[in-house]
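Colleague: What follows is a structure written as structure tokens; I'll ask about it next.
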Amino acid sequence: YTIWNFVPKNLFEQFRRIANFYFLIIFLVQLMIDTPTSPVTSGLPLFFVITVTAIKQGYEDWLRHKADNEVNGAPVFVVRSGSLVQTRSKNIRVGDIVRVAKDETFPADLVLLSSDRADGTCHITTASLDGETNLKTHYSVAETSVCQSVSRLEALQAVVECQQPEADLYRFVGRITVTQHGEEIVRPLGPENLLLRGARLKNTKEIFGVAVYTGMESKMALNYKCKSQKRSAVEKSMNTFLIIYLGILLFEAILSTILKYAWQAEDKWDEPFYNYKTEQERNSISILKFISDFLAFMVLYNFIIPISLYVTVEMQKFLGSFFIGWDLDLYHEESDQKAQVNTSDLNEELGQVEYVFTDKTGTLTENEMQFRECSINGTKYREVNGKLVPEGMTDDSPDGSVPHLIGDEMLFLKAVSLCHTVQISYDQPDCLGGGGDPFSHVNGFSSSHMEYYASSPDEKALVEAAKRIGVAFTRSNGDTMEIKTFGKSEKYKLLHVLEFDPNRRRMSVILQTPSGTVLFTKGAESAILPFTTSGEIEKTRLHVDEFALVRSRLYSCFYLNAFHFARTALQQREEKLQEAFSYIEKDLQLLGATGVEDKLQDKVQETIEALRMAGIKVWVLTGDKHETAVSVSLSCGHFHRTMNILELLQQRSDNECAEQLRRLARRIKEDHVIQHGLVVDGASLSLALREHEKLFMEVCKNCSAVLCCRMAPLQKAKVVRLIKISPEKPITLAIGDGANDVSMIQEAHVGIGIMGKEGRQAVRNSDYAIARFKFLAKLLLVHGHFYYIRISTLVQYFFYKNVCFITPQFLYQFFCLFSQQTLYDSVYLTLYNICFTSLPILVYSLFEQLVHPHVLQNKPGLYRDISKNSLLSFRTFLYWTLLGFCHAFVFFFGSYILMGEDTTLMGNGQMFGNWTFGTLVFTVMVITVTLKLALETHFWTWMNHFVTWGSIAFYFIFSLFYGGIIWPFLHTQDMYFVFVQLLSSGSAWFAIIIIVITCLFPDVVKKVFYRHLQPTNTQKSCDVCCFISQPFPDVFSNLSDLYLSLYVCVWVCSLPFSASLCLCSCRRCIPTVWQ
């Protein structure tokens, strides 16, 4: 939307809320018919609520638009009129030729035309799209690759034809027709020619590309979901409760209308002497009169629907969200980033999460691979100061000496340095700074100006490790590979590269050496060992098992005396390639194995374990390869070593997928004692969701952990939605750091973005943003716990105090012949929810802490106490509602019994009137509902004291001021001197005290017995904390403790005084303010 249509759109959203729409109708009814109360009593609160909510939501949306404009307004260079012109990314049109420099992101989907390389290739990373940090090579067609200058691009005549935009990141079909010397040359275009928006240019100085998909038609944008309005479970409960209260209102209005006409059936009450009917009233139609009376009663009782509830909830969410940003425990010092809140409407939802869906790359890991150890010819080695040292030995050689490596070790390091597809960049002058590699000059050569770019992160880590040890890969020019072995240069002719593919799960290089042709192969354990015939196979297998928590790669070699590699056929190309690879990669000699670890973020394992103890299931959804994903899941504790790992991989048909799912279900039932983990890939998931959704869900729900790999962005969102709409309707949370995670972040009930290295798309589209995954534990277990308890009490308390407010008005009608006479003055009606009782509950909902934050973090199981929206269950709602009705009856009939009939409470013999009676009821009510909240408060700050006692004092001061002056702008002055007269009676003061105590005493006794007989886990934690810390100091820091001690000692003598002291909140022993 724009600034011009914000108001109508915002009003539409707000009036979708039942309470707002209801009060609008009431306001219109008050304008149209003669009602007992002024339209101001409904119109003013409604205007206040709508205005405050619009300002709050407008501010949050303005922050989002500001972030979006930073991306859409990013500067880019396009070729126009023979020169490079700077413009904004949002101004790029299809057909524009765009220049992108190194380390910049592509602003649109571009077909590569040329690069600064002679062969027209470039390297990119797509981590923000599919989570893969490896380097990918993209190509331009030969006819355009020579256009490396603006002038040649301006002279280029070409037409690009391609398919309609689609969301699949890995599919692109098109062709380019280039006109040269009057001849049209047609070349095919595929995914290798397309540079996707959001990807980043690496190891290439600059490229030129023509825009084919822009804006919302780019593949990245098509993988976004349309952002919908998220509503929390608490808000849904509020709407349900409002409907129930609307039913109560309709019942009271209909009953009052019927009783009025039943009463007026007698002539003496139909038209008494003091209230003769007008001619118009006598001639009015009965049905219209009935409807008019019904609407009048609706207006009289309308305050049972608490309109100020919504504005208080909005203010609580908005102000409470600042605590997340202020929490120093969520601040990341290294990156100078604090947590941020983009949508405060979902604060309490953080306390209800049952499923967490997390990305892997950049969310659980740091995107940094580290070489840990290796096994060479059955001996385990580790790296110490740039040297290979056998296990159990120390590095005793003097610094700077060249290590002595035997033949097997040297051959293994050469295999590591040569068996890869790593690219080298030499233009890195900033590497000379102090932050460089401390071993860059080790072992006879300098690498200050050399940087590796790899097709997979573990390849880069292995080549860098070999370089540190002394065997460095230094150059590759297409058909020649050069390494330096401790400073001595060696060149090898590259005959062929057998690329990695997910079926073989290995890759090979064929090299020409002085001693003949050699094949080096590397891959996963299951892809190498079956094809080896010599070497220390069993010892290496044991070492690989010990490398289980890191990523292992096995290296083998095979010498070929004569090799003729047939060119692949055009038909059945993939099958013939597989046959050729199988023929070549066999009878291998095993050289050794490596262990490379993808560096996890700090405290990831502890965070996942805490979430699991809190009853939250964690699913990892990643676009990365199966092996990589499983390796990280094991290392981060998502999968345990004792867990039975089930696999649903590479399913090719519906029947095959269904049969595998049934096998997995049977295995789970047979081994029900063991914990199970499930691994599923994107292709198999598509088949499972097509026709076997229930069976797939059954398997998933019986697994402790689920890992989905090779997932497209929209598939991630589908998985989240699958759980979200399941019969249990669990609350879901999605967390990620890249553009490929945006869809699932938007689909989940709560979306959290990680402020990672791959752009800010996830952060901008999330509800909350944190710098590291470890902060998720405190965000849920502490902030979520607090927010949910606060807002749950706020909602229940609002309904309670409004029942207390309106029920006496309903009871009063039985004593005034249902004449629609109001019990309270109209000013009291207007200010009850806005001024007299609003601030205490608002402050409570901002600062209340039932348990200390450290207890919540150390005992994640306490999170289960508030799960499933337990504090807003129908049973709890019924308790608060009945309590409100009970208190209302005590207010009304307690005051009625006091005043009785013909009873004088004044020293001069005068009697109280109906306005004094209503004011007495109102005074008792304001004091009781305020003290009731004080009993519920466990954490007292100076702010709580100020607003609690200040609200009561403000009511007395206002009433004295309002009733003590004749206001010239008021048509009637019914309350003149009423409050002063009430307070001048000692009997009235005594009645106020007795009624308040009568209302609150049963509630206090209930708290005592429930705390002793049925304590919750949270209350047990509080009690343990109290006993360990200090049992007596600051005993009465909680007002409820004062009441408990006083009442239990005086009224319940059977309970010892010390027992009441033990019931205090743990806030007593740790009276710290929010950090």
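Including glycine, each Cβ sits where the backbone N, Cα and C put it.
No curator has checked TrEMBL annotations; they are predicted automatically.
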Colleague: Which one of these stretches, 771-795, 946-970, shows up in TrEMBL as transmembrane segment?
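Modeller: Checked against TrEMBL: transmembrane segment maps to 946-970.
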Colleague: Under the DSSP assignment, what numbers of helix, strand and coil residues are found in the domain 'P-type ATPase N-terminal' (1-42)?
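Modeller: Across the domain 'P-type ATPase N-terminal' (1-42), the residues distribute as 27 helix, 0 strand, 15 coil.
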Colleague: Using all protein chains in view, find how many other C-beta atoms are within 10 Å of the C-beta of Gly623 (ATP binding site).
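Modeller: I get 27 for this one.
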Colleague: Taking the Cβ of Asp741 (Mg(2+) binding site) as the centre, count every other Cβ atom within 10 Å, in any protein chain shown.
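Modeller: Other Cβ atoms found within 10 Å: 37.
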Colleague: Where else in the chain does the transmembrane segment (15-33) make close Cβ contacts, counting only residues six or more beyond its ends and a cut-off under 8 Å?
Modeller: 39, 41-43, 45-46, 49-50, 239, 242-243, 246, 292, 295-296, 298-299, 302, 305-307, 309-310
Colleague: Honestly, do the transmembrane segment (946-970) and the transmembrane segment (294-313) touch, with at least three Cβ pairs under 8 Å and pairs 6 or more apart in sequence?
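Modeller: No, the transmembrane segment (946-970) and the transmembrane segment (294-313) are not in contact.
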Colleague: Sequence gap of 6 or more, Cβ distance under 8 Å, 3 or more pairs: do the transmembrane segment (827-847) and the transmembrane segment (976-1001) meet that?
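Modeller: No, since the transmembrane segment (827-847) and the transmembrane segment (976-1001) share fewer than 3 Cβ pairs closer than 8 Å, they do not count as touching.
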Colleague: How many other Cβ atoms sit within 10 Å of the Cβ of Thr361 (Mg(2+) binding site)?
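Modeller: 30, counting other Cβ atoms within 10 Å of Thr361 (Mg(2+) binding site).
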Colleague: Please determine which of the binding-site residues listed here (Asp359, Asp737, Asn740) has the lowest count of neighbouring CB atoms within 10 Å.
Modeller: Asp359
Colleague: Counting Cβ pairs under 8 Å that are 6 or more apart in sequence, does the total for the transmembrane segment (976-1001) and the transmembrane segment (877-899) reach three or more?
Modeller: yes
Colleague: At a threshold of under 8 Å on Cβ distances, which of 240-263, 294-313, 797-815, 877-899 pairs most often with the transmembrane segment (911-934)?
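Modeller: Stretch with maximum Cβ contacts: 877-899.
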Colleague: So for Arg710 (ATP binding site), how many other CB atoms are inside 10 Å of its CB?
Modeller: 21
